[in-house]
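What TrEMBL annotates here:
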type: TRANSMEM; residues: 333-359; note: transmembrane segment
type: DOMAIN; residues: 401-687; note: domain 'Protein kinase'
type: BINDING; residues: K430, K737; note: ATP binding site
type: DOMAIN; residues: 708-819; note: domain 'Protein kinase'
Amino acid sequence: MANLTNLIFLQLGSNNLSGNLPPDLAKGGLLQYLSLNHNNFQGHIPVSFRNSTNLFRVRLERNQFIGDITESFGIHPYLDYIDLSFNKLSGTLSPSWRACLNLTSFKISGNMITGEIPVEISQMPKLQLLDISSNKLVGKIPREFKRLSYLFHLNMSNNQLSGTIPPEFGNLSSLEILDLSRNNLSGQIPIQMENCLKLGLLSLGNNDLSGAIPFQLGNLPLHRVLDLSDNFFTGEIPPQLSKLTYLEALNLSHNELVGQIPSSFKSMMSLTSLDLSYNSLDGPVPDNHFFQTAPAESFIHNKGLCGQVHGLPPCIHSPWATKDADTKKHHKFIISVAISTFGILFLLFLVVGITLVCYKRDKSIANDSCEEFAGKHFFSIWSVDHGKELFKVILRATENFDNKYQIGVGAHSIVYKATLPSGGTLAIKKLQGEGQVVEQSFQNEIQALTQIRHRNIVRLYGFCSTAKFSFIAYEYMETGSLGAILRSEERAMELDWVKRVNIIRDIAQALSYLHHDCAPPIVHRDITSNNILLDEEYKACVSDFGISRLLEPNSSHWSMLAGTHGYMAPELAYVMRVTEKCDVYSFGVVALEVMHGIHPGDLINSLSLSMLVKDILDPRIPLHMAFATLMLSYKYLWALTAIGGENYLYIRDEEEVVISGALEMEDSFEKKHTSIEAGEVVNAKFFSVWNFDGKEAYKEIIEATENFNEKYCIGAGSYGTVYKVILSSGETFVAKKIQEVEDQVHEQAFRNEIQALTQIRHWNIVRLYGFSSTNEFNFLAYEYIEGGSLGAILQCEGAVKLDWMKRVNIVRDIAEALS
């Protein structure tokens, strides 16, 4: 493989490959996508990677690689994603990682990295996910991390970090996951953490933290984990934590907490895991089904807990038990009276009861369903008291599924909005009709959504299945479906171009997760604008998995035709094989619909790369500064629907290439200009970025081209001829000699080019080395681009060398330059 000097894409992940990698694997310098994860490769990472400046995505996790991480990688300006987790890499984190300005995901967990965390990591402006857990890092957490405004996942657990938790973490407004557990951190939890308004998981266990638990944590949207175990927290448990009604796991064990468990904790209906052991708590355990059925290990080694929990004494000798005792005596009296009265009224009640039962059976399904309904029929992620209780709550919240709570209708279902007494809101999808199709749809959706969790996939809270009907409980998405918004003239105006691009990115990330990060992969098969839901911040979530399929490795993937007309790839009509590419075409159609404003319909068949894109984009939204980037974006989305069949790109390619490249146009709304230091003019006739002596450089260029002899000519433009120049040092560049015509147009063009190129510097803009202006002629010196012009390649037989991956990258590069 060392001879594959033009290698761009290599994917060998999840095999049983072993041995060392060829040292010249990336020798050609063109490698962009490398996926060797989940194998048994050994030895050092090839040093050729260090000079591979085109790397875009690297996955080497779960192998046996060794060596110094700093020696294996260098400066990679295009790098977007790198995962080196669970290898045997050593060394320290180099400050040079800051040069990876486009890096969004950086994962090196499970290695043997030592030293301190370099402050320079905070200078990676696009970083979203940083996982450096399970290494041997020491020192303090850099306060400068507050600059990482896009960071949503930060995991530094299982290291040897010391010092305090920086209060500046409160500035991380995008943070959703923070795991600092199993370190040597000390001090208190900074109250500034209450500003992390998206935080869903906070794990600080196994540290040396102390002080009181901040009550402000109750104001956070924590819904997954709050772990403060194995620290030195003192004082009482803040009752404000009971506001975490969606929290699934709470661990406060092995601390020095005192007082009672707040009675308001009984409202924490989502808990599935609880550990309050090894503290000094006393008093009654909350009267809640979850608390009463929790294992005894959750409460052991506390000095005085009591209640109706297995392993705990009843609260009979405590002040708080008096009321319960009186209540029990009162209940016994009522029961005795009821028994004596029952014999007298039995016959009357029997007659009336039979009549009422018949009436109620026809009038309402609620009571009948509740009586036959058992908790085991309701799978609940949030584990309320039991299924029967939530069943009743939902029926009351929707007034037995009254039409006034209806918010949507599907082929086999009706969706209702249910506002719970706790203040939470759910979307309830009630299945309509009977038969195998409806039943299979119900099972598919549950099977898919109980196995996955992603920020861009709608969250399942539970489901109900009875003889009368079935329904599924989801998170409620405030803004509604993407399709409904695009069809509304007024609401569509809310979706500016930045929001639309973010929506496309969210869909791509969800599909990338389903196709590449789930085992087995999941194919949705019905990606439409109506199945994309938006929350109040316009975050997009994929919903409706009723016809989804798991791609089991040893099963047939042939299927009956399924999906929504207009979103299915045409070839599925005669090749009914389910693969991830079924979703790729649908994604392209939805993306075009987002840009166009309505379903593209027959427009897909008539699109061409020469069309005026401004006439195709949604006319309701002004283009502003994003026009050039949107043109390139739209042409690429056209390519997704036009390539066809087995040539469709994989959705991960779309996520990385489109979203990280041509569709990353939000910056164009913010960037006003780019400037660099222009260097110095070393004499009056030759400006030189590379600081040659102007006169000497002029002479060498004349000699290298034999006074601009035609045999060195490699191109001609509207006002200049281009020559290839090879200097005595071996360096190569091009010189564009301006035509010897004395007119204002040529002179102005010469000045414009110098003025523009001396003020900018970008990877995708040709670099100006210098210029010369004499009485004889004028010329400009540029870097030499070996491949020549794109136009020349497309007009000759060399166009066949430009496969789809190369063409997509070209579009991305142009978009980034224009952005």
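Keep in mind that glycine also has a Cβ here, set from the backbone N, Cα and C atoms.
Whatever TrEMBL says is automated annotation, not expert-curated.
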Tell me the Cβ contacts of K430 (ATP binding site) under 8 Å, same chain only and six or more apart in sequence, or just say none.
F401, S413, I414, V415, Y416, F469, S470, F471
Averaged over the whole of the domain 'Protein kinase' (708-819), what is the pLDDT?
75
Which residues in the same chain, at least 6 apart in sequence, have a Cβ under 8 Å from the Cβ of K737 (ATP binding site)?
F708, G720, T721, V722, Y723, F777, N778, F779
Three-state secondary structure, which DSSP defines for K430 (ATP binding site):
strand
